[in-house]
2 protein chains.
Amino acid sequence: MKPNKISEAVVRRLPVYLRFLNELSASRIQTVSSQDLGEKLDLNPAQIRKDLAYFGEFGRKGVGYNVDYLIEKIRQILKLDKMMHVALVGTGNLGRALCNYNMYIKDNMKIVSVFDADESKKGTLINQLTVQPMQELSAAVKQHDISVGIITVPSAEAQNVADQFVAAGIRGILNFAPVVLKSIPGVRIHHADFTAELLSLAYYMDHINGSLNGEESQ
Amino acid sequence: MKPNKISEAVVRRLPVYLRFLNELSASRIQTVSSQDLGEKLDLNPAQIRKDLAYFGEFGRKGVGYNVDYLIEKIRQILKLDKMMHVALVGTGNLGRALCNYNMYIKDNMKIVSVFDADESKKGTLINQLTVQPMQELSAAVKQHDISVGIITVPSAEAQNVADQFVAAGIRGILNFAPVVLKSIPGVRIHHADFTAELLSLAYYMDHINGSLNGEESQ
DNA sequence: TAGATTGTTAATCGATTAACAATC
DNA sequence: TAGATTGTTAATCGATTAACAATC
């Protein structure tokens, strides 16, 4: 199949496939069907086949998919073979946790520079990284070939940091602040919005027995 | 409008509306139109009106929505007025960061108990909470009326923790481990999957100039 | 009033699922 | 071969957007 427009929904499922395939590979399982994948990942097998078919013919009819081959292909698609350098701004609890993780983002991302607007934090060490003031962002992006920025500052400052990222030449941003950021064409912003996940989770609590909106329902 | 089946997409947008409305309220802005909201939140105004209309008639034709009234209504819908008690399992970097946050989850969620499978962590203090061993989970859920569980353990252990949550009577789970968890009907599992966000972000880097899949397939 | 904006129905768009020929 | 499973087209489903009467 030709690489037409791939929808976001498809791209977001690729990491999910990849992670499970890695598990299979670690268990020395060599072949997997869309059926198997669907059961484990709670997805429709036809959807999985269709998702993969956007990028090529990776399976064998009557057999299934070779696990290691499919891993290789998905890694290529997601471009996980190139190491990407990451800058993180905001050294609060979450920012420090991510720096200490760091290798959790293992496959292809590495936090190489850390920044904080608070001048008093300058020089602090976090997992071998020295906290820098924001004025040094632009130079660091050039020096370390940084392509991705992570925002872990309070909501009120997030847009400002995003703008500075863009000005410095960063083209991919992961924003942890619970606020919608404005971007420009060519810059991709993803949100890691777990506070929204929690709030929407609350909605579903006890909703099974349908006690919401008692006044108007039915 | 009658409260029929509300789609997940709608519920997920409610926290986004709420947060921006809170900003408006803080700025003493009393009225807002779906037009304004749409511009700020990058959404179609018709979609916003439709979303809100699922739950009632909150606006005034020709005028717009009263900010504080809409805040109140959305808080009711999401049930943010009741405080929910939360248990967290896994006191690694991320788990500790969330505990230290804690009030970040301010509106209606409070972490009241923290657990770790590692016995040697028993008794450790994290932001005034004492780390407990897993055997005490069930009793704590009853004692503190805990309704939500947060999972911040490694992927391999996440399903096991989820099962223990369910067995203890928890009906809402926020999972930070990058793995798909199996649930049972009546238990709601949300994922805070920022590693997937990063991996899918990588896909879009440089894809603007469309250099993917230069070779057709194979 | 005249202009603005909602609530809601109808039209459109896109994503998921079903079905099946191809073929391993 | 016979059974299994892909890749892909067609059918279905659901979500978004447009349009507009109601009305503030």
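A Cβ is built for glycine as well, from the same backbone N, Cα and C atoms used for every other residue.
Keep in mind it's a predicted model, so treat the numbers as computed, not measured.
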What range among A:16-55, A:56-95, A:96-135 does TrEMBL describe as DNA-binding region?
A:16-55
Using a Cβ-Cβ cut-off below 8 Å, which of the binding-site residues A:GLY90, A:THR91, A:ASN93, A:LEU94 are near chain B?
A:ASN93, A:LEU94
Where DSSP helix means H, G or I and strand means E or B, what are the helix, strand and coil counts for the DNA-binding region (A:16-55)?
28 helix, 2 strand, 10 coil
